[in-house]
Structures are given as structure tokens and as C-alpha cells.
Amino acid sequence: MRFLILVLAGSIGIYGVNLPKIPKLSDLVNPFQQFKLKDILSTLTALDTPDIAADSAGVSLPKHEYTDRLSSISDLNRSKRDLLFQGDIHLSFEHLSNIVREQLDHSRTKRTAFRNAMYPKTIWLPNVPFELHGSLSAKSRSSLVAAMAFWEKHTCVAFKKRTSEKVYLLMSGQEEGCWSTVGRDEAQGAQILNIGTGCEMFGITSHEIAHALGLFHEQSRYDRDNYVQIVKSRIAQTNFYDFAVVGKKNMETYGQKYDIGSVMHYRPTEFSLDGGNSIIAKDVNMQNTMGQFRGPSFIDVAKINRHYNCEKNCKNKITCLNGGYQHPKNCKICVCPPGYGGSDCKGIEASSPAKCTGVLVAGETQRKFTANIKPNKNAKGIRKCNYHIEAPPGKRIVIIVDSVIGNCVQGCYEEGVELKMYEDKTVTGARFCCKLQKPQTLISQGNTVPLMLVAGKAQAFVQLRYSTVDGPQNRSPKDGNATSIGVNPFLLEKYQDNSIDSEAIRKEYHIQSDNVNQEDFETLVRSEFIDENTADI
């Protein structure tokens with residue numbers, strides 16, 4: 001990684017001098033062919049996607065006043081939407097034809113990385129040749145360097161300044177918007193990755209490079225309808241094309257679970273006609289996890305490592321628990337999911353500052369936990385408090401989130417709290433960063449819940465209650481979606497008979513939150529429950 005940065009820093013002055021003229025996106029796409037395929041795919045997607053009305057009770061989620069003013073990638077690419085697949089992907093006619101053909105065959109079965117019959121020719125081996133074009137702004141160049149360094153550090157992928165390679169990544173800022181190809185394509189030669197004005201943040205450049213390495217969007221997975229619902233009435237019919245599913249012949253998930261917190265996932269308002277949610281999480285507690293721009297998630301990185309066969313670097317295997325795996329560049333250590341740490345990923349991830357950590361033991365008696373990371377304009381990097389809420393074997397954990405202070409942004413990737421309620425700890429958890437209109441009730445699948453309070457320079461605060469409940473640990477809806485108790489009954493099939501109703505839990509704890517405003521409710525909570533665990537950083 002250090003070599004990469006030094007090479008780039010020393011080469012800034014010469015980039016763009018002798019580069020060939022870059023064709024425009026409109027030169028690379030045959031409009032007649034593209035529009036014909038787009039119409040077919042839009043029709044197929046409309047027919048194949050379950051419907052839900054924009055005004056149904058299932059879509060009436062709380063509306064937040066988001067503090068971020070960042071445009072979505074599809075908005076940044078508004079002028080080029082007709083030429084791009086799913087808002088920011090340039091596909092060759094042949095590649096797009098294969099996706100349409102597979103949809104026509106209705107062959108949706110398990111397989112988000114681009115993998116077809118040409119694999120492994122569709123991945124970059126032994127390295128990724130690249131050029132940084134002189135049209136890139138200083139901010140875009142710096143962000144691309146950081147994104148390449150990230151992928152180099154966390155995977156076995158290596159980036160190399162192009163010499164004479166005919167197939168390479170040509171990173172440009174010549175046009176508006178942010179877009180890329182998917183995987184390596186010999187037929188294209190110079191594969192353009194465009195980072196225009198407004199696309200300079202790390203979350204976007206790492207997203208576009210992930211496309212170039214082979215990742216499709218997360219919501220285009222074959223199984224996405226088990227986890228999210230598309231609100232078709234909020235999407236123009238011509239944009240149904242952008243919500244198409246990519247089938248197994250062109251995509252591989254490598255056994256990784258669907259991750260709403262993936263940097264490759266659409267924002268909840270993507271392509272929305274009225275600014276409302278066009279994508280609804282079937283587990284309503286996961287809605288604010290969708291659309292983060294912090295950077296690649298644990299599963300995003302794991303998929304690239306699998307896609308490039310990085311595990312082959314480690315001949316001597318070590319034990320990594322909770323979904324962790326050997327680091328492809330240091331086989332003596334484990335890469336652990338967020339919230340976990342230690343030599344084998346069995347322990348708690350190290351906190352910063354170190355004093356805000358520990359195990360919170362859940363029992364039948366309800367306990368309250370409060371954590372507060374104070375604002376600090378001089379803070380450098382991420383401040384993070386990590387806890388594990390643990391219950392005895394055979395028990396599950398009920399958590400009621402009463403109050404949150406954070407930076408209310410889509411994806412809650414700045415200040416906020418994350419709770420991992422699923423049995424699979426590799427999946428991004430339920431995030432909260434906006435003011436709650438009423439307490440949020442969740443129930444775990446297992447007997448451990450990692451709790452992560454994250455802040456930059458601003459404040460992050462959470463107050464919640466937790467206790468145990470009897471029941472089988474692997475409770476899940478019949479459609480296969482793994483969820484916590486915060487499930488929207490209008491979107492899911494009925495739970496199995498051993499399920500627990502969230503309203504019943506609220507009544508059990510005498511919480512009449514619907515009859516009081518948030519401020520009065522917080523006063524009520526503070527007066528009736530004793531703080532047993534408090535962290536003030």
C-alpha cells in the first residue's frame with residue numbers, strides 16, 4: 001500500500017500528458033440497442049417485482065430531516081441515466097444482453113460479484129493496471145488513491161501503474177458523474193472509471209472501484225426480495241430497469257448473506273419520484289442502515305477476497321470465529337467482523353477510547369444502559385465504544401432503544417449506534433442515528449448482541465433497556481429473511497407460532513409511548529428505571 005501511494009504521489013505531475021483521448025460515455029453506448037434492452041428489462045422487472053402501494057401502512061415509516069446534503073450516485077448521474085445500468089454501471093451490449101437473456105429464462109437461483117463462463121478472465125490478475133487521467137481534480141485523485149489503498153490493504157488485490165497493458169482501468173474526471181464498468185473486460189481495453197464533480201468522497205470512489213473489481217449492487221442479488229421491498233409506485237416505469245435483478249449466470253454471492261449496510265446498496269430514496277422511500281427494509285429496524293457512504297462493509301471486503309481467491313495465500317489455517325477469516329496479507333491474524341476482536345474473533349473489538357467497553361449481562365430483570373460520546377472538535381479519526389450484551393444459552397435478548405443522539409444521515413454511517421441482532425455477525429446491524437419518534441423494540445436471534453456507539457467530532461448518545469426472553473434462538477420468518485422483532489407485518493409473512501409480538505413486549509413493560517411525546521417519554525424512563533450501566537466519554 002505504501003508503495004502504491006508513493007508511486008502515485010511521485011507521478012501526479014506527468015499523468016494525463018501522453019494519455020490517449022478518452023471516448024465519451026455516449027460514444028461507448030449504442031442508444032438504439034441500449035434502449036431496446038432497457039425497455040425489455042424494465043418490463044420484466046415490473047412483472048417480477050412484488051408490488052406495494054406507496055400509501056399503504058407498510059410504507060408509513062418515520063420521515064427524518066436528514067442533516068446530510070449529499071446527492072445519491074444516481075442523482076449525480078442524472079444526465080446519463082439513460083446510458084447507465086443501475087445508475088452508475090457501464091455495461092457492454094453483450095454483457096447487458098446476457099443479463100436480459102437470463103431474466104427471460106427466469107433462472108433465479110443462488111449465486112454479488114460478476115462471474116460468468118469467462119471467469120477467471122473477468123478478474124484482474126496478477127494486478128490491476130491503472131492510469132489517472134489529467135482531467136481528475138485534486139480531490140478526486142486523492143480519494144481514488146485512498147480507495148485503491150483501502151482495497152490493497154484489506155484484500156490480495158494489487159494496483160499497478162500501467163505500462164503497456166492493453167486492458168486497464170482509466171480513471172477520469174472528464175465527464176459529469178461517477179460510473180464504472182464491472183469486472184475486467186478484454187473487449188473494452190481501456191475501461192473508464194469516471195469520478196466527476198460531487199463524486200469525490202471515499203464512500204463513492206471505493207464503491208466505483210468495487211464495481212471495477214467485479215461487484216454489482218447489493219440490491220440486485222437474486223434473493224433481494226426476501227430482505228427489501230421495492231415501492232414501484234414511487235419509481236418511473238422507465239427506471240424499473242435500474243431495479244433489475246442479476247441472475248446466477250452473471251453473479252456470485254460466495255455464500256455471503258444479504259447486507260443492507262453494504263456500500264454497494266442503493267440509498268432508500270434511490271430513483272424516487274417524490275423523495276419518499278423507494279426501497280423498504282422488511283425488517284423496519286434495518287431501514288436506517290441502508291445507503292451508507294462510509295466505505296466498504298465487512299461483507300463487501302469478504303466477497304472481493306473470495307472473488308480473487310485470496311484464501312489461497314494462507315496455506316496454514318488458523319481458527320477465526322464469528323464469521324472472521326484469515327487476513328490474506330498476514331495469515332497469522334484474523335479479520336474480524338465489526339464488534340469482534342481478539343486473536344480468534346471471540347472477544348470484543350478494541351474501543352477508542354479504551355475505557356468504554358465491556359460485557360452487559362442480560363437477565364429477566366430489565367436493565368438500562370446509557371452511553372455518551374461527547375462532542376470534540378479536536379477528535380481525530382473514529383471514536384468507538386464496543387460492548388457485548390450477553391444472555392445465558394437458550395435465551396434471547398430484548399432491547400428497547402429509548403433515545404438516540406447522532407448525525408441523522410441516510411445509512412447512519414457517522415454518529416450513531418449499531419446493534420447486531422442477527423445470528424450471523426458478519427451482517428451490518430440495525431443502526432439508529434436520528435431522533436426517535438417512539439422507542440424501538442428489537443429481539444435477538446441468539447444470546448449475544450454486539451453494541452457499537454460510533455462518533456467522529458460530534459456527539460453520539462444512546463439510552464436503551466435490555467432483558468432476556470425465552471424462545472428458540474433461530475427464529476425467522478417463513479420466507480427465509482433473518483430479522484429482529486422490529487418487523488413490519490404488512491411486508492412479511494406471519495411468524496412461526498413461537499414468535500413474540502413487539503406490542504406485547506411494550507405492554508409487559510408498561511410503555512405507553514404512543515400517548516406521550518419523545519421528551520416526556522424520556523423523562524418517564526429516567527424516573528422509573530435505575531441506571532445500572534453508564535458510560536460518559
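Backbone N, Cα and C atoms are what each Cβ position is placed from, and that goes for glycine too.
Around the Cβ of Glu208 (active site), the same chain contributes Asp88, Ala147, Cys178, Trp179, Ser180, Leu193, Ile195, Cys199, each under 8 angstroms and 6 or more positions distant in sequence. Residues annotated as active site in Swiss-Prot: Glu208.
According to DSSP, Cys156 (disulfide bond) is assigned to coil rather than to any helix or strand. The disulfide bond annotation in Swiss-Prot covers Cys156-Cys310 (among others).
Sequence annotations record features per position, and here Swiss-Prot assigns disulfide bond to Cys178-Cys199 (among others). Look at Cys199 (disulfide bond): DSSP puts it in coil. When other Cβ atoms within 10 Å of the Cβ of Cys199 (disulfide bond) are tallied across all protein chains shown, the result is 26.
The annotation disulfide bond is assigned in Swiss-Prot to Cys314-Cys334 (among others) on the grounds of sequence analysis. Following the DSSP three-state reduction, the secondary structure of Cys314 (disulfide bond) is coil.
Positions annotated as disulfide bond by Swiss-Prot, on the basis of sequence analysis: Cys336-Cys345 (among others). When other Cβ atoms within 10 Å of the Cβ of Cys336 (disulfide bond) are tallied across all protein chains shown, the result is 25.
Secondary structure from DSSP puts Cys385 (disulfide bond) in a beta strand. Residues or ranges marked as disulfide bond in Swiss-Prot (evidence: sequence analysis): Cys356-Cys385 (among others).
What Swiss-Prot lists as disulfide bond is Cys412-Cys433 (among others), and the listing cites sequence analysis. Cβ neighbour count for Cys412 (disulfide bond): 28 (other Cβ atoms within 10 Å of its Cβ, all protein chains included).
Mean pLDDT, taken over the domain 'Peptidase M12A' (116-311), works out to 94 on the 0 to 100 scale. As annotated by Swiss-Prot, domain 'Peptidase M12A' applies to 116-311, with the evidence given as sequence analysis.
Shown for the domain 'EGF-like' (306-346): DSSP residue counts in helix, strand and coil, namely 6 helix, 11 strand, 24 coil. The domain 'EGF-like' annotation in Swiss-Prot covers 306-346.
In this structure the alpha carbons, written CA, of Cys356 (disulfide bond) and Cys334 (disulfide bond) are 23 Å apart. Under the DSSP three-state reduction, Cys412 (disulfide bond) is assigned to coil, being neither helix nor strand. Cα to Cα, Cys385 (disulfide bond) and Cys433 (disulfide bond) are separated by 15 Å. Nearest by CA distance to Cys345 (disulfide bond), out of the disulfide-bonded residues Cys156, Cys310, Cys314, Cys334, is Cys334. Cβ contacts within 10 Å of Cys310 (disulfide bond), excluding its own Cβ and spanning all protein chains shown: 21.
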